[in-house]
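S.K.: Have a look at the structure that comes next, please.
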Ligand SMILES: Nc1ncnc2c1ncn2[C@@H]1O[C@H](COP(=O)(O)OP(=O)(O)OP(=O)(O)O)[C@@H](O)[C@H]1O
């Protein structure tokens, strides 16, 4: 995918240029990793204890929405312990044999990162149980009545699994991780640190005010922060100006990212709830059909952010716009007094 196809506020999409850019900006140690203080402390303890006892660290599950730093943390786990890292992903492991090939070639102490681990084939998942617990797998040789299972010892390794859907992991797999880290969205002060660090690495002079203006629009997600920063850098470059607040506003307006970080799809969803359904409640499928988008995209990407910033609530009867949503879009609910919906400052 090229940069031109990229939806700026979709935390999942990443173009090739972006992947290279992300690689250059990735923190290499827990110390450089911004935010997630609790998880960082927990990981530090786990890694230090393993180093003191000269053993491989326990298996680690990283759970949380896309773009919050799961891959980065897996790399840090390997780097901090001076261990090699093997990277794979759930969708690439569609047969037990795919996993057996990876596991049997691991070197002692290696960190195996499996992204989107919830999408691995069931047969591979079962193989992983034994591998995680006893560093051993059983390989089936032959077919039918003559098939036999041959045990194979593995080198001790640390599995780092990442998932955006921890709830989809079967309990036996979840229970085999020694530690589960739940990554949270970043607050604006943390995003400002991510942005300031990235700007320094890019050699982009940018003031604190401009950084704060971007931080407010990146949906609590470092991947989006870095992406918006690139567009601001382009804008300043092309217009021969500085990356100041005006440049940030102009660049992000050009890309349809509003002051709350809402993009075109978020706004289409909100306007549909507010104007076509009188603020709701409206069911997910009706909403998806009305905006011409997949229900899964609405549920996984659009809705969590709208709920988090308080623009909609989910009720058993459907999605409902909050008073804050009516205010943000400058609309008045039918039958309501216009003055009652104005922000307090405007009264
Ligand atoms: N805590 C952080 N401090 C600084 N930069 C960060 C941090 N977390 C993430 N980033 C930046 O955001 C980018 C995306 O992070 P990463 O690829 O680790 O996310 P992810 O959670 O693995 O996403 P996905 O699940 O989509 O693969 C990284 O390149 C990195 O530059």
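The backbone N, Cα and C atoms fix where each Cβ goes, and this holds for glycine too.
Note that TrEMBL annotation is computational and uncurated.
Keep in mind it's a predicted model, so treat the numbers as computed, not measured.
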S.K.: According to TrEMBL, 25, 26, 67, 70, 71, 72, 133, 134, 135, 186, 223 bind ATP; which one of 83, 122, 176 is annotated to that same site?
M.R.: 176
S.K.: For the domain 'AAA+ ATPase' (56-187), report the average pLDDT of the model, please.
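M.R.: Across the residues of the domain 'AAA+ ATPase' (56-187) the model's pLDDT averages 92 on the 0 to 100 scale.
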S.K.: Between residue 25 (ATP binding site) and residue 314 (DNA binding site), what C-alpha distance do you get in Å?
M.R.: 36
S.K.: Can you go through the binding-site residues 133, 135, 186, 314, 319 and pick out those with a C-beta less than 6 angstroms from ligand 1?
M.R.: none
S.K.: Under 8 Å Cβ to Cβ from residue 319 (DNA binding site), same chain, six or more residues apart: give me those in sequence order, or none if nothing qualifies.
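M.R.: Same-chain residues close to residue 319 (DNA binding site) (Cβ under 8 Å, separated by 6 or more) are 273, 280, 281, 282, 283, 284, 287, 303, 312, 313.
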S.K.: Cα of residue 67 (ATP binding site) to Cα of residue 314 (DNA binding site): how many Å, rounded?
M.R.: 24
S.K.: Which secondary structure state does DSSP assign to residue 71 (ATP binding site), in the simple three-class scheme?
M.R.: helix
S.K.: Measuring CB to CB from residue 133 (ATP binding site), give everything in the same chain under 8 Å that is also at least six residues away in sequence.
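M.R.: When sequence neighbours closer than 6 are ignored, residue 133 (ATP binding site) has 176 within Cβ distance under 8 Å.
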